[in-house]
């Protein structure tokens, strides 16, 4: 037997918040702010957005490791936050997130049509998220009422290590019966999500405008003037540079053109690992 490069894509692995649902990725961000506030520690929306894409416990740990947040915690409690403190914040975060997730469950405009176009091409739809399963179960149920059902879902606590490690993306490959990781594309609005796809050996597509990086509602995004939008795209592209996404697009509605381009590159013998 000989190895043969795949010549067409078999699967997309889609993130959830900021990619398919919750334009601007508001659900997790606001809850981080509220969870810290219950411990009398102020965290801004901008600070809360920083580690987005990681599993939520890791996200809180990363926030607590930031010097300015650690100092606020020290002033409130007389010590810097330990792992036990992180767990306490996480345990408050979880019920708040479950309680309020429905407020930010709308599908991103055009997502359903885009996914339908991919399925017509025989492309399977895997998915993963920085949410734990307890939250994902509710997110998945809400999305189903709006017409979106992924072929597979992997929550961050269903693998040994979440993003930026590749386990969630690779769990989708196994569950979907994909022949080769190079026949997959990971689509995400965060740096950890793009690193996940890169480390899994997949093609990667970073979303610049629908998710955490821009942090606007769909209406606010549509209202941006051309100069501001161009400036924001440039800022966000620089943010993603170190994770080396193969493509950067505004929203999931731009994905079909990318899929066509990747298929053409695969047909020429190109592989994601060599780019």
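Using the three backbone atoms N, Cα and C, a Cβ is placed for every residue, glycine included.
What you are looking at is a predicted structure, and each value in this text was computed from that prediction instead of being measured.
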Matching residue for the Mg(2+) site, where Swiss-Prot names 15, 17 - out of 179, 180, 189: 189
Those residues of the chain, 6+ apart, with a Cβ under 8 Å from that of residue 189 (Mg(2+) binding site): 15, 17, 18, 19, 25, 53, 206, 207, 208, 210, 211, 212, 213
